[in-house]
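Peer 1: I grabbed these lines from Swiss-Prot:
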| type | residues | note |
| --- | --- | --- |
| BINDING | 29, 30, 31, 32, 86, 87, 88, 89, 90, 413, 476, 477, 478, 492 | ATP binding site |
């Protein structure tokens, strides 16, 4: 296929047009008075959203050179979303400002490489200063503030704060679509895995169709159990203690299953069997997790352990176990807290090393189950369109909150970037490097300017006043007042602000140092579209 090439100023201008088209569509959503954008969907109703990355991903421009510019800025939003989970609109606004200011200077004869070095120097100082003014997040109230700002909804803020309080910072919080109109929180405390009882005769509560074991022993093995002879020694010891037994095995079948069911029905003793969760190596790891959580051991022939020689000392214990048709939940395992902590740290180390998204998800689940539990936020709304929009907002809020817990918070509403303005301005640089620093200074004014414009105010006036205010004081666009941003609960996660700035600078530097752009030549339609006369045919 033939290619078309544009060089230097012509190439950069074409890309800038694409950058502007995408950024102008995204930046109308910034701030408390930001508007929505409606996205056409090939199937189903249109999607209404104010999520920067969702809008950026939808934009495809006809001109291939403009499209390249748009795609580069979409990459800024996407990368920021991957790292911090929020701040995609801020990143887009920063990137547009840096590219626009940079191209003006390149057109005036500045050296792009010098500008690039200046941008990198300024961003490095800005990131250090953001870390210096960052405050650690404390308590449920702070978490609720971060979530409420991101979702623009106080009720959502409270829900997320409660979820994080219940399952801990490492807990898994998932979003599901609710059948009703309201958004509510459902928390599963303890460790839950998706395997239920192997026989319905094992249930203890016929109304709820579940087996509830109070203070049970837990036998954990990776073997298939079919002979009752293997289980007899340990069963006799458990019966003497007068406590129920949960058996987690690859499978329980045949004579062993029949004996357990008959004794349960006769009331001799209460035992429930469930299949081991997961497959292959993941199954071994999950069984080991359960063993550590409950203070038991995995009975495995690989480790030289046999079922018939198992004693009560090798069994795990828990305050309560609830087994349904599809799930098993272990509450308050009796494991040693130091061993559980060590296991959590081991999984965290694996999380940092893994490159697979699937493995990361599974490790995160295991971590959550050991650390506290799983919370499900069931998102409700009156219409499907509202439901999708609300779910996206809550997802952003959740990511934002996690980022805040990780790296702390700074004043929101673009104020934090303005608070570090003077430190960046004090960087010693000469020539084109100094120009690069000035480009970053102009860009860090842009979020405040845009938030003010979206609120129907003159951005430049707000920016100038902010430069002279003492640190932490900012403009609350929702009320039109000047307040202490952190006290007023208007905060941004440091990680979100930092990632937005770093990713915007990275892509801006790439665009400024572009000297040629190559794209496919559009194919002309050679076919003759005029249909021949049908000659009077019916």
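Glycine is no exception: its Cβ is also placed from the backbone N, Cα and C atoms.
Owing to the predicted nature of the structure, the values given are computational and were not obtained by experimental measurement.
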Peer 1: Judged by the number of other CB atoms within 10 angstroms, which among 86, 478 is the least packed of the binding-site residues?
Peer 2: 478
Peer 1: Can you check what DSSP calls residue 476 (ATP binding site), collapsed to helix, strand or coil?
Peer 2: strand
Peer 1: What's the most sparsely packed of the binding-site residues 29, 88, 90, counting other C-beta atoms within 10 A?
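Peer 2: Output over binding-site residues 29, 88, 90: least Cβ neighbours within 10 Å is 29.
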Peer 1: If you count Cβ atoms within 10 Å of the Cβ of residue 31 (ATP binding site), leaving out that atom itself, what do you get?
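Peer 2: Around the Cβ of residue 31 (ATP binding site), 25 other Cβ atoms lie within 10 Å.
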Peer 1: Under a criterion of Cβ-Cβ distance under 8 Å and sequence separation of at least 6, what residues of the same chain contact residue 476 (ATP binding site)?
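Peer 2: The answer is 413, 482, 483, 485, 488, 490.
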